[in-house]
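A.B. asks: This is the structure I want to talk about, given as structure tokens.
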Amino acid sequence: LQPSPSEAKEWVEYISPEGQLYNYNIYTHRLAPNNRQRVLVNLEVAVEVKKPEQKPAKARPVSSTPIAGTVWCVVRTSEGKCFFYNPTKRQSVWKMPEELKNRPDVEKLLSAKPDVTTEKKKEKDVHEGPPPKKMKSDDEVKEVKQANTKEVAQTIVFGKEAAIAAEIQAAQHRSVVSIEVRIKQFKELLAEKDVSAHSTWKKELHKIVFDKRYLLLTSRERKQVFEEYLKEKAEEERHEKSRKLKEKADLFRQLLEESDLNVKSSFHHFAVRHSMDNRFRSIDKMQDREAMFLEYIQELVKREKQENALIKEKVRNDFMNMLSEIPEISRRTPWRDVKYKVISDPRYEAAVTDFRRKNWFEEYVKSKTDLTSNETKKNEEHSKRSHSSSVREKEEREGRRESALEDFKKFLDEKVTDTEDSFTDFKSKFETNARGTADLSLAEKLKVYSSHIDGIYKKNREILWSILDGIDLSLTTVWDTVKAQVEADPRFVSYTDNEKKRDRDYAMFMHKKFLKAKKEFRELLMETKNITHEAKAMLEKGSITMKTIEAFLQKDQRYTTLDCVSEQREQMIRAYINELSEKTQPSLT
């Protein structure tokens, strides 16, 4: 088991007398096997290099001393030189790292003289020739193993002591500082190191593990605060993204309000007019721009309707007030007698039409009429009772009819699944068993049956279109070319066997695909800034050719999609150029 970088302060390496490499946890006192058998590999290599013709020995490391509070070790070679080694990153450098500068303990290690006797003995062992007997070679290997074991064990003791000292110091600091302050400082560390909100603990550990604030929390607390920080930062990024999108939408809305639009304005003219405005370009997709434009136009339509309704209501109230000023009006007064009395009143003219004036006059007379006769009251009560009774009967009939329709629809869902079944076949098979048919007329049953068959057919057609959407089709691909590929799809089992319907549905799909391609090509023309209102005049003068214009477009997929109808594509380009030219021509007065 190889310790991960996140546990660098908790695990140290340990070598058994047999040369086996282990990891040792200073907190749980647990041993775990280490797959990196560097000691044995080095010993085997040392034995193999002893050839009859011994070459001069190269400089090799003879001691390694860990530096307290860091991951670095000072390694001394057989030549007496020193370099710095980072076991976490497996990095060796001759130049002193920045974090080790101005440290007395490091300078003391570098200035200490090596044991000359030990060095000479090791160099002598390297330069001596191979042993005359195999038994002596085995003894040398055993001695080398024991020497290396002692050196590595001493190194581990130093690393263990340094880790324990750092952890003890951190524990003392944690006991003094409150958990809230330590969490705050740890989050500040994460923010300073620019920890990504979408990363993981292992990926970001190397950024923070060497900072003294890393030990402010225990291992479990560090991971908990790390996850909490990721959630908070992700939420902040989402809020910031939403804020920017809203800001862009507000700027686009401001552009719409400044453009003096009305309910008859078109998006095409708006896009051509403001295509270079930063507020227009801040919305990335043309589809989103058009949607926001149409939404604004709908607001204008609604606002105009409300204003017209308020104006109409005010005119009506003024007209009623005008009539109330004439005391001679009764329920028997004809409109023509009143009309000549008020024809010069501005409130009469505001009503605009005679039809509206007469209707309002009748409403006024009806509201003013006081029916006091008993006969009239009886007639009204009788009419109300009759009306209530007829309404109840009608509601009951409608209720039975709705229930019958629901039952009949459920029956069709259970029994009729083939679009080729006719209503005549259905009647001969199921009409006697069909639920709810007693309260339905033949026309109603036929209408429901036809609607059911159409629903099944449309559903199956959508299945075919969804299969075709997953196939790379050109605009000239015929049904026979893709028939085998479509029929191999398991979803095609439920589709109709009628070849004519298949051909018709495929033709509808390709027609929709063609219309979509033309629409996208039209958007490409609108987005191409090199095509201006001067293009028509330049074509007529010969300054440019159609090939020059097509060169601006041919790198876009929306252009190449219409390669199969190149003539029609060229006609669309010419029509668009003519349209731009006509818009810039001054109107004749």
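Placed from the backbone N, Cα and C atoms, the Cβ positions cover glycine too.
TrEMBL annotations: computationally assigned, not manually curated.
Remember, predicted model here, so these are calculated numbers, not experimental data.
Pasting the relevant annotations from TrEMBL:
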DOMAIN    72-99  domain 'WW'
REGION    108-141  region 'Disordered'
DOMAIN    179-232  domain 'FF'
DOMAIN    244-299  domain 'FF'
COMPBIAS  371-383  compositional bias 'Basic and acidic residues'
REGION    371-401  region 'Disordered'
COMPBIAS  390-401  compositional bias 'Basic and acidic residues'
DOMAIN    513-579  domain 'FF'
A.B. asks: Under 8 Å for C-beta pairs, could you tell me which stretch among 72-99, 179-232, 513-579 has the largest tally with the domain 'FF' (244-299)?
C.D. replies: 513-579
A.B. asks: Can you check how the pLDDT averages out over the domain 'WW' (72-99)?
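C.D. replies: Here the predicted model's pLDDT, averaged over the domain 'WW' (72-99), is 85.
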A.B. asks: Kindly report the helix/strand/coil residue split of the domain 'FF' (244-299) according to DSSP, in that order.
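C.D. replies: So the domain 'FF' (244-299) is made up of 40 helix, 0 strand, 16 coil.
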A.B. asks: List the helix, strand and coil residue totals of the compositional bias 'Basic and acidic residues' (390-401) as derived from DSSP.
C.D. replies: 12 helix, 0 strand, 0 coil
